[in-house]
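Student: Input: one structure, supplied below.
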Amino acid sequence: MKEAFLKACRGIRTDYTPVWFMRQAGRYMPEYQKLRQKYDFLTMCKTPEIAAEVTLQPVKVLGVDAAILFSDILIPLEAMGLKIEFIDDKGPQVLPNIRTVADLEILGELNLEKIGFVFDAIRILINELNVPLIGFAASPFTLATYVIEGGSTKEFVNTKRFMFLEPEGFHKLMSLFTKATQKYLNEQIRAGVHAVQIFDTWAGILSPFDYESFVKPYVKRLIESLKTVPVIYFSSNTAGLINHLKELNADVLSIDWRIDIKDATDLLKNKPLQGNLDPLTLLGSDEELFKRVEKVLIGARGAKSHIFNLGHGVNINTSVDKLKKLVDFVHEFKFMED
């Protein structure tokens, strides 16, 4: 198995910079689109053989240094008694919603048997991959936002109303999701994943004070329960939370493009970093793309180690050939001698 990604997770510099992409298994790939014509999204997630096939596609086509399991961050909710649905042009929908302390009774304990297909897919993949497999889950907070809002939103009014009107109830919800996510990710680890990534996609909607109060303690607790494999913590739009992020004890911090990676390197000394190219750079010219890729690579040179990635998922309009070129560029990039 290729080791560059796992070495970088542990803070070891390798001969080349390892690279993989969030949402690398997805809608921009013709192979994925063919399967999607036959099956709806949830069926693909819930059929281990299909989930494994989709996970393998970008490894074979792009030559990336790690695979990430094809699934969705909302999958565990069905195993807690909620209903999830994916509607074209609307995104994920979650019912019923939890918006008060009284609503917490809706939520059941995570039943791993109901999502056994996730672990079956992992067991298939570890026998077929020649690169490490990354498992993943939403952070307790990001999971909570979907359950409270019922889907995607811009203002998170219901989330913040619950948080500020009934803080004790919100803390209870966070505790429930922390326990469930610990259980879910540890089962992925038992099934064979080599690393896990926690997606805190919506952490950036909070002030530093509220992140410290309502999110940080639960993320720390979650990370500390997962230390048998490297843990990557991804958050979006969180440059203003950087001082809190460095205290999380994640093995790797994955950052988006809204912070210069050189600045992040200076602020997060002795911390492996992942990121942080703007995904939409891939829609531009090769010249503009590689100019920015080089800036990321050089900017991250001072980090303990670096895993090249995007600052968010691959956009649906991205060219497969452009991603291939990007992988080759990163692998072949030579730094000037220090």
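We count from 1, first residue shown onward.
Any Cβ shown, glycine's included, is placed from N, Cα and C.
Keep in mind that this is a model prediction, so the values were computed, not measured.
Annotations for this protein, taken from Swiss-Prot, read as follows:
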type: BINDING; residues: R23, Q24, A25, G26, R27, D72, Y146, T201, H312; note: substrate binding site
type: SITE; residues: D72; note: site 'Transition state stabilizer'
Student: So of R23, R27, H312, which of the binding-site residues has the fewest other Cβ atoms within 10 Å around its own Cβ?
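Tutor: Selected from the binding-site residues R23, R27, H312 on minimum Cβ neighbours within 10 Å: R27.
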Student: Three states by DSSP: which one describes Y146 (substrate binding site)?
Tutor: helix
Student: Hey, what's the Cβ neighbour count for Y146 (substrate binding site) at 10 Å?
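Tutor: Taking every protein chain into account, the count is 25.
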Student: Measure from the Cβ of D72 (site 'Transition state stabilizer') and count the other Cβ atoms within 10 Å, all protein chains considered.
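Tutor: Around the Cβ of D72 (site 'Transition state stabilizer'), 17 other Cβ atoms lie within 10 Å.
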